[in-house]
Each structure stands twice: as structure tokens, then as C-alpha cells.
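What follows is a single structure, written as C-alpha cells, with notes after it.
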Amino acid sequence: MSVFFVTGTDTSVGKTIVSRAIIQAMQNAGIQIVGYKPLACGQDDPVYTDVQESGQTDYDNMDNRDVLVLQDSTNEEVSYQDINSYTFAHTMPMLSQEGKHIDINKINTDLKRLSSRYQSVLVEGSFGWLTPINQDYTFASWAAEHKMPVVLVVGIKEGCMNHALLTVQSIEQMGLPLLGWVANRINPMLGHYAEIIEDLSKRIKAPLLGKIPYMHKPETQELGHYITDIDRLSYMKTEILK
């Protein structure tokens, strides 16, 4: 059983797109895998216009784009609730009263259930590495508690080198294996794109797992062929806390 954590250098750097690419690549290699988004936050334009709300769930709206992309990417039959513990309408629930209701035990239980059913589980964080989950945990401290290996998504833009190297430093200081990093081109007009990737490859000890070019609606496309080092993502076994 393999469980690994996907984090990013910032918000809107393409964690979900890279997660889709990884899921598709591993499935193409014959590996059973699902994605899991513990905490999904609000967005300006919901995918569904007809949103149903229920007071009997942990969800404001079951229309978060990231969760829906993960659900669409896997070959397994999973529901929205199977792969998401909390969806909030607000952008930063962990900084509001809503954050007090985020129960880490529920997240742990949901992860354990998935890891017992499927060969591999890709866990996608929200925002960046040190973002709070609630008053007691950050995504980093939670991943460290489970000893999850990490994949870093670097959105190639101005300032990404500083963000990437600081995140790598924090991951290493927490004693977690960095499986590798993925370059996601989010600014097609950025100069020195190749030079940035070359320099980061020299400075980050972990391998470059793939490069995803800028494209229209990547969430609807086959992206698996952009991930070129599947072995790094499947060889480590993770023991989920009981």
C-alpha cells in the first residue's frame, strides 16, 4: 500500500492537474490508485449551477472543481464523499469559525479507509505546504505524522525558485522523503522557462518527475505521458496511523 502527499509551492500552481497526470500515469502502468482531497475550499465559479446542500453532511457544496477532477481521473468507482472529507464554500475556512469544526480524526479515518481499499492513494493538499488544517495541524505536520513521502508541484512563474527551495528545505527538515517534483507551466509568456527548470534540477536533489506544458483545459485531457518517473511514485510503502 502506497500513500503519498502532493503539495505545491503556492496556491493555483496546478496541484490538481499534476495529481490528475500522476493518477493517469500510474493507471497506465497498471497501478490501482485514487486521489483524496481532505479539505476542499471555495471557488468563484462552481462547476454545477444547480447546487444541492445538505445539513446532514460535512459539505456546504459538493461542487469543488479539484475534487471533481480527482474523481474523474481515477478508474475506480468512487463518490465525491469517498475522496473528500470537507468541502467549504469559503476560501479559507481554517482561518474562520469553520476551522474549529475540522476534525483531524475524521480525516485520518477517511484516509485509512481509502488506503485499505486501494493499492495507492494520492493525497492532495490545499494551498501550500505549511497551510493550517485547523488550530492544531498544518498539512505539513499532518503529513509528517503519517510519514508520507511528498511530491512537490512547482508552478513555473516569477518567484517560483525561492518558493520551491524553501518548500524543499521544510520538507527535508521534517524528515520526509521528497519523491520528486513536477514542473507545471502556468505562465506561457514567462521568459527563461527552460533555464528555471534547469537551475531547479541542479538545486533540488530529488528527481524531476515530469514537465506539464501550458494548455487549454488540462483537467479534461490525458496527461499521464507527461510523468516520466513512475517507479519513484510506487516503490515506497506507507503505514497509516491507526
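Just so you know, glycine gets a Cβ as well, placed from its N, Cα and C.
What Swiss-Prot says about this one:
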BINDING   Ser12, Val13, Gly14, Lys15, Thr16, Ile17, Asp66, Asn184, Arg185  ATP binding site
BINDING   Thr16, Asp66, Glu124  Mg(2+) binding site
ACT_SITE  Lys37  active site
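Other residues of the chain with a Cβ within 8 Å of the Cβ centroid of Thr16, Asp66, Glu124, the Mg(2+) site, are Val6, Lys15, Ser19, Gly35, Lys37, Ala40, Val67, Val69, Leu70. Listed in sequence order, the recorded positions from Ser12, Gly14, Thr16, Lys37, Asp66, Arg185 having a Cα within 10 Å of the Cα of Glu124 (Mg(2+) binding site) are Thr16, Lys37, Asp66. Each of the binding-site residues Asp66, Glu124 was scored by the other Cβ atoms within 10 Å of its Cβ; the lowest score goes to Asp66. The local packing around Ser12 (ATP binding site), expressed as other Cβ atoms within 10 Å of its Cβ over all shown chains, amounts to 10. In the three-state DSSP scheme, Glu124 (Mg(2+) binding site) is classed as strand.
Annotation: Asp66 are the binding-site residues among Ser12, Gly14, Asp66, Arg185 whose CA atoms are within 10 angstroms of the CA of Lys37 (active site).
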